[in-house]
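Enquirer: Attaching a single structure in structure tokens format; questions to follow.
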């Protein structure tokens, strides 16, 4: 397994070639990983009355290129929830939650889309691209509301504040989280990870950390980010103050999510093939779960707080029981690495049921029923 560094070429108005703003394609773009049919696993379920996934539909060729990002746009009074996906083909698409029929295609980026985020109102959403722009748009009309610009390699995963008042963006090479006010779309704060006073022997040229992932706590008081070196940094948002690191991973942390029912509990997914459960306030590792055969690229928590789902470069999606702290089910719908998994709540936090979606390098989207 190795990181692939790729240089994007674009054309300037005068026709000359120039290197695109983001020369690190995801810093992380995974080279096609060796995979033998013997590693493939059929859908299997450990007997459990508590929870399960049931496949509803898969859409092959959902995008023209790899699909790297997905989230759910909450329902409004006039329409149900929609699945929002972003792809290397530079587009963002909206899909109906019941049958994965295409509801709309949005354009506006000139390079691949690495992250998408939905405002809790369900009215607006945002997409981040390798072109170093974040485009904020109206979900129903696709009208651009704001365009946020950052230096090259400083726009990665992003998430809206639980109340929608801020948008946080993982700042990549800036070793920080950028926070924009959603009423003015002005950059209001930069939460910078402090440089360690005494570097660890394992650190390699780590004067700065490359920030890949970001997550708000459900109460909006704290925000966490995951870095290429495997560390997780936690900040007090109101005071704009770094609080502490959470350690335990040995490779990049690509995805983070807080429990929807406990603001102390944070889950992380890492290239070290482990999923960690932390007490983010107590600075302690509660549990380490393993089972994937390769990098864990995405993690999301179920709306009832009883399970998490993960997507991996081993081509599978797994459902984990948090009481057992073990995988209940493995879904093998995809034929390549699974970049994102995302739960859609059926009607509020703490409610059982809903939908889970997964997106993949094979250009497909899969939809599951969670019950």
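Glycine is treated like the rest: Cβ placed from N, Cα and C.
Per TrEMBL, repeat 'WD' is recorded for 60-96, 106-147, 148-190, 211-245, 246-288, 289-330.
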Enquirer: Where, among 60-96, 211-245, 246-288, do we find the most CB pairs under 8 A to the repeat 'WD' (148-190)?
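Expert: Result: 211-245.
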Enquirer: Of the residues in the repeat 'WD' (148-190), how many are helix, strand and coil by DSSP?
Expert: 0 helix, 22 strand, 21 coil
Enquirer: Sort the residues of the repeat 'WD' (60-96) into helix, strand and coil with DSSP and give the three counts.
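Expert: So the repeat 'WD' (60-96) is made up of 0 helix, 20 strand, 17 coil.
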Enquirer: Work out, from DSSP, the number of helix, strand and coil residues along the repeat 'WD' (106-147).
Expert: 0 helix, 23 strand, 19 coil
Enquirer: In the repeat 'WD' (246-288), how many residues does DSSP call helix, how many strand, and how many coil?
Expert: 0 helix, 24 strand, 19 coil
